[in-house]
Amino acid sequence: MKVTIVGAGNVGASCADSISYRGIASEVVLLDIREGFAEGKAMDIMQCATNTGFNTNVSGVTNDYSKTANSDVVVITSGIPRKPGMTREELIGINAGIVKTVAENVLAHSPNCIVVVVSNPMDTMTYLALKATGLPKNRIIGMGGALDSSRFRYYLSKALDKPSNDISAMVIGGHGDTTMIPLTRLAAYNGIPVSEFLSQEELEKVAAATMVGGATLTGLLGTSAWYAPGASVAYLVDSILNDQKKMIACSVMLDGEYGQSDICIGVPCIIGKNGIEQIVDIKLNDAEKAAFAKSAEAVRSMNADLKTVLA
Ligand SMILES: NC(=O)C1=CN([C@@H]2O[C@H](COP(=O)(O)OP(=O)(O)OC[C@H]3O[C@@H](n4cnc5c(N)ncnc54)[C@H](O)[C@@H]3O)[C@@H](O)[C@H]2O)C=CC1
Ligand SMILES: O=C([O-])CC(=O)C(=O)O
């Protein structure tokens, strides 16, 4: 199985690293426009192989899409990250042009691939990639919910003082500081609702910390995060390549589900060899429904800005 990652920066290289460690692809190609940069990242990752025991062949290329030909999965991580104080939405002006060109280039060389969009603002970039390529909606997946859900589990684990892996929890909605919807009502510690252990006030604090999880890291690091984003992409790619049918919150084109159409936004999906194999339309309560509608409205208004930025 072959995976291409376009954009060999912090997130792209971390994706290549995590995918190699998982041993889920025979080949990973990193592509970047910076001369020699992807080659250097690939060489550094390959020099881990003997000490960590992986057999994936990781290579790097400078803007040569012929080397990405016939990829099974292409991950788009090209574009600028935010700096402290910025929102993800502010990146649209530069990243829209990059994502559109990259999506067209990868499809020209890998017409059957499944595309995972990571660049921000991710929901709008997923929508753009879908419209620009005309691919069927099961083959364009926006990665955000996997990461946001793992941050939700992290903050719940801190509040509960229990391991993250004993907690199940999901974040739906937009991948933005104000558009995320941590589904606190459905979060559980070994099947027991977390509300049995945490007060309403504690749960609200966890949800608020989750929503600004990316901004918190950006403030600490001076640029946005990469280890957890890379691991989240690898988790998603594993479910595609190995047809695991995991339920993962992903940004996907809706066609009536959750009362929305013509929008890519985070909802629970079954992920397998065909990409998005099913959208799981869970029953939300009235407050969750209202939060989802508000989140969709914000994402939709960002999508409308594409006309201006791409003009
Ligand atoms: N969806 C999510 O959960 C997450 C999304 N992100 C987003 O991922 C993107 C990348 O973040 P980082 O890796 O931290 O940035 P970075 O600046 O470290 O790397 C971006 C790379 O893209 C390359 N690039 C720019 N234009 C290109 C083009 N046309 N073709 C190929 N490569 C190109 C740059 O040379 C650079 O190496 C950002 O937009 C960031 O906001 C970051 C973390 C999580
Ligand atoms: O915070 C950012 O800008 C990058 C990102 O999407 C995340 O880490 O969730």
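Heads up, the Cβ atoms here are built off N, Cα and C, so glycines get one too.
TrEMBL entries are annotated by machine, without manual review.
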Write down the one residue from D32, D72 that TrEMBL lists together with G7, A8, G9, N10, V11, G12, N95, V118, S119, N120 as binding NAD(+).
D32
Hey, does DSSP put D32 (NAD(+) binding site) in a helix, a strand, or just coil?
strand
Could you tell me the maximum Cα-Cα distance in Å between the residues recorded as binding substrate, namely R82, R88, N120, R151, rounded to a whole number?
18
Summarise the domain 'Lactate/malate dehydrogenase N-terminal' (1-142) by DSSP state, stating how many residues are helix, strand and coil.
68 helix, 28 strand, 46 coil
Which of the binding-site residues G9, D32, V118, N120, R151 have a Cβ less than 6 Å from any atom of ligand 1?
G9, D32, V118, N120
Looking only at C-alpha atoms, tell me how far H175 (active site, proton acceptor) is from G9 (NAD(+) binding site), rounded to the nearest Å.
20
